[in-house]
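Features of the protein shown, as given by TrEMBL:
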- 293-333: domain 'UBA' (DOMAIN)
- 276-295: region 'Disordered' (REGION)
- 6-24: transmembrane segment (TRANSMEM)
- 85-108: transmembrane segment (TRANSMEM)
- 114-132: transmembrane segment (TRANSMEM)
- 153-177: transmembrane segment (TRANSMEM)
């Protein structure tokens with residue numbers, strides 16, 4: 001619930017970026033990521049300033065949204081381990097930035113003087129644990145072939161950030177390489193580039209009281225969600241089902257008051273009084289259509305509303321797998 005480091009990375013660099021863009025434009029030159037100045041003039045301080053604050057508001061917006069989605073790692077591993085990953089990825093990506101600039105100049109003959117500024121290397125590095133450790137859950141499908149998952153929006157934001165500049169692919173590649181190196185158990189980089197405990201305690205005393213928030217006590221936990229976000233999503237799904245049930249009940253009362261309620265028995269016989277013996281009494285009767293294939297997903301949705309499996313199967317078969325018709329019938333009978 002707290003995630004103080006993620007909140008500080010959301011608020012502080014974004015506020016500085018907005019101030020530099022709107023009010024203090026003459027100070028932007030100190031935060032430019034000038035690679036040639038680092039190599040030729042040994043302006044090492046540009047590796048700190050130029051790789052912390054974004055000078056493009058579009059990059060600021062996309063990186064902020066990505067950090068907001070990646071805060072799950074701080075909640076999962078703790079602030080110290082999360083800050084150690086960011087520190088290691090930030091230092092490794094600075095080295096890989098310079099190497100990729102030299103490789104590009106040597107192979108393609110392209111001289112790169114400056115790169116997009118901002119905290120972009122560690123942001124791209126977080127895609128490595130996001131891809132490997134966050135489960136992929138399908139949400140829906142587009143045109144019946146393209147799956148939309150819980151991770152699709154994050155990848156779309158990454159592509160949007162990747163297309164924001166001409167040489168940002170260097171930062172993305174160096175960030176991914178640094179994330180792979182830090183996560184690799186063979187290289188043991190995480191044992192070298194880590195935040196000491198005393199530094200973590202100092203920042204916990206200073207940052208945590210400012211950016212932390214209390215655990216939500218007025219929210220009742222629903223389901224078995226591993227994180228607060230999943231539990232809130234389950235709660236919203238439960239509220240959606242309750243709203244749908246109340247709307248259906250209200251429509252039923254209005255039809256009864258108006259005297260125009262649909263006689264479902266005309267469409268198909270009462271399902272709750274149907275017996276299997278009816279099918280056995282006339283085994284040789286011709287013209288009886290084969291039973292309709294029933295979707296298990298729709299059966300599960302009806303069972304979540306409180307109906308039994310047998311009633312859900314019969315209602316879906318009789319309504320030709322129309323979930324709305326089956327739901328209305330089960331509510332009215």
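Backbone N, Cα and C define each Cβ position, glycine as well.
Unlike curated records, TrEMBL annotations are generated automatically.
Scored on C-beta pairs under 8 angstroms, the neighbour of the transmembrane segment (6-24) with the top count among 85-108, 114-132, 153-177 is 114-132.
According to DSSP, the secondary structure content of the domain 'UBA' (293-333) in residues is 29 helix, 0 strand, 12 coil. Taken together, the residues of the domain 'UBA' (293-333) have an average pLDDT of 77.
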